[in-house]
Amino acid sequence: MKISSLALLSLLLAALWTGSQGVSFRSSYSACCYKDMFIRRKIPALLIKSYQQTPSHCSHKAVRMELRNGKKFCMDQDWFQQYQRQKESTLTST
C-alpha cells in the first residue's frame, strides 16, 4: 500500500513538474514572429500603442507591435527603424 501511494505521488509530482516546464518553454516562443503574423503595409505611428523586439532565439528577427485598438502583428526591423527615426524627428521638432 505504501509503495503504490509513493508511486502515485511520484507520478503526480512528475506530471506537475513536466506541465510547468512545458508552459514556460512555450511561453518563451510566444514572443516570436512567424510568417503569417507579418503585415506588409505601413502603419501610422500614432496608432502604435507598444512594441517589442523578438528575442534572440526566434528564427525571424522582427518587432511585435500592438495597436491602440488591441490588434497585434509583426513588422520587419527595417520598417521599425524608419518608425523610430520618424518618432525622434517628431519629438525634436516640437
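The backbone N, Cα and C atoms fix where each Cβ goes, and this holds for glycine too.
As recorded in TrEMBL, the features of this protein are as follows:
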type: DOMAIN; residues: 29-87; note: domain 'Chemokine interleukin-8-like'
type: SIGNAL; residues: 1-22; note: signal peptide
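Counting residues per DSSP class in helix, strand and coil order gives 18 helix, 18 strand, 23 coil for the domain 'Chemokine interleukin-8-like' (29-87). Across the domain 'Chemokine interleukin-8-like' (29-87), the model assigns an average pLDDT of 85.
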